[in-house]
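Participant: Please see the structure below; I have some questions.
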Protein chains: 2
Amino acid sequence: MSRPYRVAILGATGAVGQELLELLESRNFPLADLKLLASARSAGQKISFKGESLAVEAVDDKSFDGIDIVLASAGGSTSKAMAPKAVEAGAVVIDNSSAFRMNPEVPLVVPEVNPEAASEHKGIIANPNCTTILMAVAVYPLHKVKKIRRIIAATYQSASGAGAKAMAEVQTQASAILSGQQPVASIFPYPLAFNLFPHNTPLNEMGYCEEEMKMVNETRKIFGTQEIRVSATCVRVPVLRAHSEAINLEFDEPFDKDEARKILSSAPGVKLVDDWQGNYFPMPIDATGRDEVLVGRIRQDISHNCGLELWLCGDQIRKGAALNAVQIAELLVEKNIVKPKLAVALT
Amino acid sequence: MSRPYRVAILGATGAVGQELLELLESRNFPLADLKLLASARSAGQKISFKGESLAVEAVDDKSFDGIDIVLASAGGSTSKAMAPKAVEAGAVVIDNSSAFRMNPEVPLVVPEVNPEAASEHKGIIANPNCTTILMAVAVYPLHKVKKIRRIIAATYQSASGAGAKAMAEVQTQASAILSGQQPVASIFPYPLAFNLFPHNTPLNEMGYCEEEMKMVNETRKIFGTQEIRVSATCVRVPVLRAHSEAINLEFDEPFDKDEARKILSSAPGVKLVDDWQGNYFPMPIDATGRDEVLVGRIRQDISHNCGLELWLCGDQIRKGAALNAVQIAELLVEKNIVKPKLAVALT
């Protein structure tokens, strides 16, 4: 039996925070204590956990005293301000924001890919970007067998990547359009219902948006190689909470599609949905609420003799964010990377 | 002044047929007479054209007597049965179905790309597949300057590609979901509202669906070269009537993005929507109802020194189908490729 840990969730009231709570409960994480932290605005809000009603506390410098593990999902600026305080208090922070991901002192971990990196932490472990996690889980098992040289990705990203309010916005817009009214956009810059647009994060001087550069740089860091070349086109689509990705892979040598399918059929975190008879492949509605990344349409790229094409869908809130963070926490427990300060179980 | 032509629309009551009517009227096509043809089921239906009410006639072997140009948009099996009858009657058929596209005797024409092919017709001219037309208009101006070696495309295809009933279905599904009910799928195999799925046309032994192989084979035929390698992932998305495409191009040599942008800024049928300051690029809602293919996000591919990435949106019913067909008809008139049998104008 694992010893019990004192855990804090920072950003407990958001879409990812809610999923973190659900996962800690359903996966029976060995908790001694659970603290729910958020901005002062959300303080006092009650959240049910394992039949108990827990009050959300406003986060401050003292919030992390005695805490073993912090699951942070409150945005980059909150993480930048608060993670160092938590580390100072002796906690390990698993951070869902992009604040520390490319910091060379901070491991960037997908447990199915580079679990060993977690033990090199100096107090903070970063959870990768959602699109990157989903792609990494699907393509790393192939990379282990034959090196990937180049990836060209096109994404179909759900509203949930921009939070719970964005999910509500696309539904409100759809409702307006269906009753003949103009859709109103406030979270997103443009209407998303019955529409789509390139991901609206800031663009760099090469013309790639931040989301795309995350796929480029985080993939390299997670795979531990600077030699994979990646190009991506990230697009927001009117889907609620599962991302899809069309992935073109180029290897150093030919990779047989049947071998790829066999490898992925038993790869951790992957569920093969590759029904050629039924013309049935991964869809967001099937990925929603699931832990696995659904992968299918694995085929030889007819434009390149060392190419493979594949298609994936994964729950953006779950494996794209909350589940990966909880899996990292489980890794810290299993590998004894974090030792609990308390020895008294939550009863 | 152009001489007047006797034109028949086959499939006048469908989504593309309706758009053909609108375009013949708004573009003031030199008509002597307009005959509306459809299946027996739609016969008798009245359609307004230039203030007149025209009755839809059931198509039969005699429907094409005296007709100069047939705009056919009634599906592959109707075209296969009826186009030879129309040719026998002395008409030129511009066929929107896939029935004749890859027939070596039949020109496959995008007027901005290969107008010269139209004059080689033997009675039938094929209108390409919608995704292929949109891509061809956007990338051919670059191919003319430096040869394209390879294209990797991922599409975001609207419901309209499956007809007017499919457009209605996605709206009905959205409405059901918003009121907490299960969406019903009948035109498409799966719910499309707030969902998406790989294009559901039959798959070949290589794992490419028919829609994807159209992009491969039709692009080569239109560009007049078998040397362009193409791979595509075609995906149906919950958008009503404009398709989007993420296009990765590989050339024989480096292609500067600023040169590409300059070429596309004056390319026929293209509207550059490439606002890097405003992070504003082509969107389906902006492409809907427009003649041009909107092209933007033109950037150097950071994964390949001879690569360019671009993003496009185009109205599937308009340039993807009806407009391209009417432009071919205009070409036949302008170049005197078809001579009218009558010399009496419609008064």
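Note that Cβ sites are derived from N, Cα and C of the backbone, with glycine treated the same way.
Keep in mind that this is a model prediction, so the values were computed, not measured.
The annotation active site, acyl-thioester intermediate is assigned in TrEMBL to A:Cys130. Summarising the annotation, TrEMBL assigns active site, proton acceptor to A:His243. For A:Thr13, A:Gly14, A:Ala15, A:Val16, A:Arg41, A:Ser42, A:Ser160, A:Gly161, A:Gln316, the entry in TrEMBL reads NADP(+) binding site. Annotation comment: TrEMBL describes A:Arg101 as phosphate binding site. Residues or ranges marked as substrate binding site by TrEMBL: A:Gln157, A:Glu210, A:Arg236. The domain 'Semialdehyde dehydrogenase NAD-binding' annotation in TrEMBL covers A:6-121.
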Participant: Report, in whole Å, the straight Cα-to-Cα distance of A:Gln157 (substrate binding site) from A:Thr13 (NADP(+) binding site).
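Facilitator: A:Thr13 (NADP(+) binding site) and A:Gln157 (substrate binding site) have their Cα atoms 22 Å apart.
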Participant: In the same chain, outside A:Gln157, A:Glu210, A:Arg236, whose C-beta lies within 8 angstroms of the Cβ mean position for the substrate site?
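Facilitator: Leaving out the recorded residues gives A:Thr131, A:Thr155, A:Gly161, A:Ala162, A:Pro198, A:His199, A:Asn200, A:Thr201, A:Cys209, A:Glu211, A:Cys234, A:Val235.
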Participant: Reported in the order helix, strand, coil, what are the DSSP residue counts of the domain 'Semialdehyde dehydrogenase NAD-binding' (A:6-121)?
Facilitator: 34 helix, 32 strand, 50 coil
Participant: Measuring Cα to Cα across A:Gln157, A:Glu210, A:Arg236, which the record gives as the substrate binders, how far apart are the two most distant ones in Å?
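Facilitator: Site span for substrate, by Cα atoms: 14 Å.
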Participant: Just checking: which of A:Ala15, A:Arg41, A:Arg101, A:Glu210 have a Cα that is within 10 Å of the Cα of the residue listed as 'active site, proton acceptor', counting only these binding-site residues?
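Facilitator: For the residue listed as 'active site, proton acceptor', the binding-site residues whose Cα atoms are within 10 Å come to none.
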Participant: A:Ala15, A:Cys130: which of these recorded positions has the sparsest Cβ neighbourhood within 10 Å?
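Facilitator: It is A:Ala15 that, of the recorded positions A:Ala15, A:Cys130, has the fewest other Cβ atoms within 10 Å.
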Participant: Anything within 10 Å of the residue listed as 'active site, acyl-thioester intermediate'? Look among the binding-site residues A:Ala15, A:Arg41, A:Arg101, A:Glu210, A:Arg236, A:Gln316, comparing CA atoms, and list what you find.
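Facilitator: Cα within 10 Å of the residue listed as 'active site, acyl-thioester intermediate': A:Gln316.
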Participant: In this structure, which of the binding-site residues A:Thr13, A:Gln157, A:Ser160, A:Gln316 has the fewest other Cβ atoms within 10 Å of its Cβ?
Facilitator: A:Thr13
Participant: Could you check the recorded positions A:Arg41, A:Arg101, A:Arg236, A:His243 and say which one's CB has the most other CB atoms within 10 Å?
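Facilitator: Of the recorded positions A:Arg41, A:Arg101, A:Arg236, A:His243, the highest Cβ count within 10 Å belongs to A:His243.
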Participant: Just checking: which of A:Ala15, A:Arg41, A:Gln316 have a Cα that is within 10 Å of the Cα of A:Gln157 (substrate binding site), counting only these binding-site residues?
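Facilitator: Passing the 10 Å Cα cut: A:Gln316.
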Participant: Among the binding-site residues listed here (A:Ala15, A:Glu210, A:Arg236, A:Gln316), which has the Cα closest to the Cα of A:Arg101 (phosphate binding site)?
Facilitator: A:Glu210
Participant: Should A:Cys130 (active site, acyl-thioester intermediate) be counted as helix, strand, or coil on the basis of DSSP?
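Facilitator: Its secondary structure by DSSP: helix.
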Participant: According to DSSP, which of helix, strand or coil covers A:Glu210 (substrate binding site)?
Facilitator: helix
Participant: Write out the long-range same-chain contacts of A:Glu210 (substrate binding site), meaning residues 6 or more apart in sequence whose Cβ is under 8 Å from its Cβ.
Facilitator: A:Ser98, A:Thr201, A:Pro202, A:Asn204
